[in-house]
Amino acid sequence: MDAPAVVAEVTENMLGGKKVTVAFVLGGPGSGKGTQCTNIVEHFGFTHLSAGDLLRAEIKSGSENGTMIDTMIKEGKIVPSEVTIKLLQEAMIKSENDKFLIDGFPRNEENRAAFENVTKISPAFVLFFDCAEDEMEKRLLGRNQGRVDDNIETIRKRFKVFVESSLPVIEYYSSKDKVKKIDAAKPIPEVFEGVKAIFAPYAPKVK
């Protein structure tokens, strides 16, 4: 009897047969994602890919693609999923690593479906930094001293966008039993203890 051809499906993704482990990192503005991503990279050897950073780097490069992205952002339009996915794809192919944290993406259901369709990659899990809005607001205002009034509205808009766009993504992966929720309101070291427990199976093997 032939062995099932499951392995082929996994390896034949858009990375030219490179097998990868992907974890999506989601959380509202001020939930502390960035700090914890740095810790995960340091302790577990993942490569951190931030969708926002990749878009900014592409704009800076002055490429035709970068100019188009810049124009869209300035006009307040959402950059098409395919553009962001292509940048993530290129970064994964170029990297020597096979473990990736994708931060701040997918932002919505359309992003999520496009990522899985284009890359043929389904995340190993989604790390969700769950934090109350008043706590995130306090942190963000603490970071932006002196600009309290003009920032509170922007901050609340960002929260609203997160709830409307990203929560459906979290619900989708919850239905697949792939969401690992972290209480992000705790102090940073305590949050990292929770993160460590989740990433333990992915720790680098000691030679």
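First residue shown is number 1, and so on along the chain.
The backbone N, Cα and C atoms fix where each Cβ goes, glycine too.
TrEMBL: automatically predicted annotations, no manual curation.
What TrEMBL says about this protein:
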- Gly30, Ser31, Gly32, Lys33, Gly34, Thr35, Arg143, Lys186: ATP binding site (BINDING)
- Arg56, Lys77, Ile78, Val79, Gly104, Phe105, Pro106, Arg107, Arg147, Arg158: ribonucleoside 5'-phosphate binding site (BINDING)
- Asn111: CMP binding site (BINDING)
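The two recorded residues Lys186 (ATP binding site) and Gly104 (ribonucleoside 5'-phosphate binding site) have their Cα atoms spaced 21 Å from each other.
Comparing the binding-site residues Lys33, Arg143 on other C-beta atoms within 10 angstroms of each C-beta gives the minimum for Arg143. A straight line from the CA of Thr35 (ATP binding site) to the CA of Gly104 (ribonucleoside 5'-phosphate binding site) spans 13 Å. In this structure, the CA atom of Gly104 (ribonucleoside 5'-phosphate binding site) is 12 Å away from the CA atom of Gly32 (ATP binding site). Taken over all pairs of the listed ATP-binding residues (Gly30, Ser31, Gly32, Lys33, Gly34, Thr35, Arg143, Lys186), the Cα spread reaches a maximum of 17 Å, rounded to the nearest whole number. Of all the binding-site residues in the list Arg56, Ile78, Pro106, Asn111, the shortest Cα-Cα distance to Arg143 (ATP binding site) is found for Arg56.
Under a cutoff of 8 A between CB atoms, and with a sequence separation of 6+ in the same chain, the neighbours of Asn111 (CMP binding site) are Ser81, Thr84, Phe105, Val169.
When the alpha carbons of Gly34 (ATP binding site) and Pro106 (ribonucleoside 5'-phosphate binding site) are compared, the span between them is 16 angstrom. Proximity of Gly30 (ATP binding site) to non-local residues of its own chain (separation of 6 or more, Cβ distance below 8 Å) is seen for Cys131, Glu135, Met136, Glu137, Arg139, Leu140, Arg143, Ile155, given in sequence order. Summary: among the binding-site residues (Gly32, Gly34, Gly104, Pro106), the fewest other C-beta atoms within 10 A of the C-beta are counted at Gly34. Of Arg56, Ile78, Pro106, all annotated as binding-site residues, the residue with the shortest Cα distance to Ser31 (ATP binding site) is Pro106. When Cβ atoms from all protein chains are considered, those within 10 Å of Arg56 (ribonucleoside 5'-phosphate binding site) total 15, not counting its own. Counted over every protein chain shown, other Cβ atoms within 10 Å are most numerous around Ser31 among the binding-site residues Ser31, Thr35. Nearest to Lys33 (ATP binding site) in space, judged by Cα atoms and limited to the binding-site residues Arg56, Ile78, Pro106, is Pro106.
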